[in-house]
Amino acid sequence: MPKRPANETLTEVQPYNKAPASSSKRDAPKPDEMGEFEDAWEDELESDEETPELKEENDQEGMDVDEILPAIEENEEATPNTEAFIPGVHSLGKDEILRPDESAYVMLHQMGVDWPCLSFDVLRDNLGDERSRLPETSYIVAGTQADGAKNNKLVVYKMSSLHRTSKDGNESDSGDEDDENADDLDEDALLESRSVTHFGGVNRVRAQPTTSFPSTSQPYHVASWAETGKVHIWDIRQLIESLDVPGHTYDKTKFNSPVFTIDSHGRAEGFAMDWAASGSSSLRLLTGDINSKIYLTTSTPSGFNALAQPFTTHTSSVEDLQWSPSEPTVFASCSADRSIQIWDVRTKGRRSVAGIMEAHQSDVNVISWNRLTSYLLISGGDEGGIKAWDLRNVKKMGSMDTEPTPVASFTWHKAPVTSIEWHPTEDSIFAASGADDQVTLWDLAVEHDDEEAIMNETPDGQGDVPPQLLFVHQGQKDIKEVHWHPQIPGTVITTALDGFNVFKTISV
């Protein structure tokens with residue numbers, strides 16, 4: 001897996017200096033008095049270098065000879081040296097900004113929106129899986145944080161014309177693009193949207209998992225965690241249709257309101273939420289609040305049903321939830337009580353069955369369960385740490401066994417980790433985002449190499465780059481979430497205070 005060292009510097013060769021204006025010039029050679037035949041084209045074909053005889057003659061006459069210099073543009077300005085910016089080692093000066101090295105990206109687009117979105121989710125479309133041909137189109141659903149509760153919306157965005165970046169040098173793009181698309185490089189992406197009114201800011205949005213794009217007659221459910229303490233379930237299928245079909249109309253009185261609202265949490269706000277994977281006869285949605293309670297809502301032939309009894313082993317705010325990819329009744333949770341806990345919905349008393357009580361030094365903000373290797377789980381903490389866990393070593397609740405140790409641990413981020421997610425098709429790769437304005441891509445399969453470790457050291461010996469760190473994406477402010485696109489391999493989408501970024505790197 002190729003990767004770019006984070007301390008790699010780029011330098012440009014500076015042009016030669018011009019000859020000083022004070023240099024004397026050669027006198028023109030005297031014409032030959034013998035009248036020998038002179039070739040009319042001789043001056044044009046003659047080499048710029050002086051013949052040995054002429055040089056010797058000039059030296060004898062004590063003449064200065066100008067140095068032959070390559071031609072340069074009179075108005076050419078030297079480009080300053082550029083250097084990779086390493087957070088924690090370098091700092092931006094006044095009026096300095098970060099600029100991406102486009103040669104490190106296959107695709108990079110930045111899109112602003114009317115109101116910031118704390119959360120979003122990628123929607124499955126009918127354009128095919130394993131897509132590698134650019135330009136591309138992506139659909140996402142997001143919730144706003146507007147200036148007033150009544151001004152918020154649940155929004156479906158269509159991102160189209162996602163072109164590849166232009167690259168310096170003569171490298172080719174391995175045939176991903178036809179020549180006819182060469183003129184489309186670096187064009188702005190198109191962002192279209194359809195929305196419904198959502199009372200209260202949206203803390204988190206999660207879309208119903210599905211293996212195929214629902215037909216127009218089937219619902220496509222999305223759940224939103226409102227700051228009011230309510231969880232709403234919406235059918236957004238007609239919003240997608242109106243983006244794709246010109247002139248499409250639908251019953252707005254039906255689709256502009258939620259199909260179900262979960263009131264189990266009372267007025268307690270929350271962020272944790274996850275749908276169970278598709279394949280079951282019914283939909284199952286978990287929601288966790290700041291009062292440490294987790295509730296399960298299931299679908300029925302007539303609608304949805306919120307179960308009254310909560311899961312209650314945590315002692316502080318539930319920050320994230322993840323269903324097991326292999327066991328349909330098992331899920332994991334993380335909390336501000338510093339623990340990661342494993343639950344089985346069949347257990348009486350709604351108590352967790354296993355856990356890691358001191359998983360991080362502070363609040364455990366986010367977790368992600370590996371969909372391909374189901375015993376691996378990663379977590380991100382408020383202290384900025386990232387840890388990978390082997391769940392086969394997690395002890396049962398009440399056991400006197402010692403706490404398990406992580407199989408990998410990283411302290412690269414300098415602020416709380418805000419989001420983390422495994423790659424959908426590569427079981428060793430994951431992405432993370434932090435409040436330090438970084439998105440990082442990692443590969444646990446990369447082994448430590450002494451020679452490469454020396455190359456990856458920073459000049460002052462601080463902030464050495466871990467060999468597992470593939471890529472650092474910067475430039476956004478207050479990054480909240482990061483997700484891989486499940487149908488466009490290697491494509492990452494992020495949301496932050498200043499909008500969305502969509503990118504694909506040369507590293508993944």
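Glycine is treated like the rest: Cβ placed from N, Cα and C.
Note that TrEMBL annotation is computational and uncurated.
Taken verbatim from TrEMBL:
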COMPBIAS  24-33  compositional bias 'Basic and acidic residues'
COMPBIAS  34-51  compositional bias 'Acidic residues'
COMPBIAS  171-183  compositional bias 'Acidic residues'
DOMAIN    95-163  domain 'Histone-binding protein RBBP4-like N-terminal'
REGION    1-64  region 'Disordered'
REGION    164-183  region 'Disordered'
REPEAT    311-353  repeat 'WD'
REPEAT    357-399  repeat 'WD'
REPEAT    410-444  repeat 'WD'
Sequence-remote contacts (6 or more beyond its ends) of the repeat 'WD' (410-444), Cβ cut-off under 8 Å?
-> 1, 3, 87-88, 363, 365-373, 376, 378-388, 466, 468-484, 486, 489, 492, 494, 496, 501, 505, 507-508
Across the repeat 'WD' (410-444), DSSP yields 0 helix, 19 strand, 16 coil
Tally of helix, strand and coil residues over the domain 'Histone-binding protein RBBP4-like N-terminal' (95-163) according to DSSP?
-> 6 helix, 33 strand, 30 coil
On average, residues of the repeat 'WD' (357-399) score a pLDDT of 96
DSSP puts the residues of the repeat 'WD' (357-399) at 3 helix, 19 strand, 21 coil
Tell me the residue counts in helix, strand and coil for the repeat 'WD' (311-353), as DSSP assigns them.
-> 0 helix, 18 strand, 25 coil
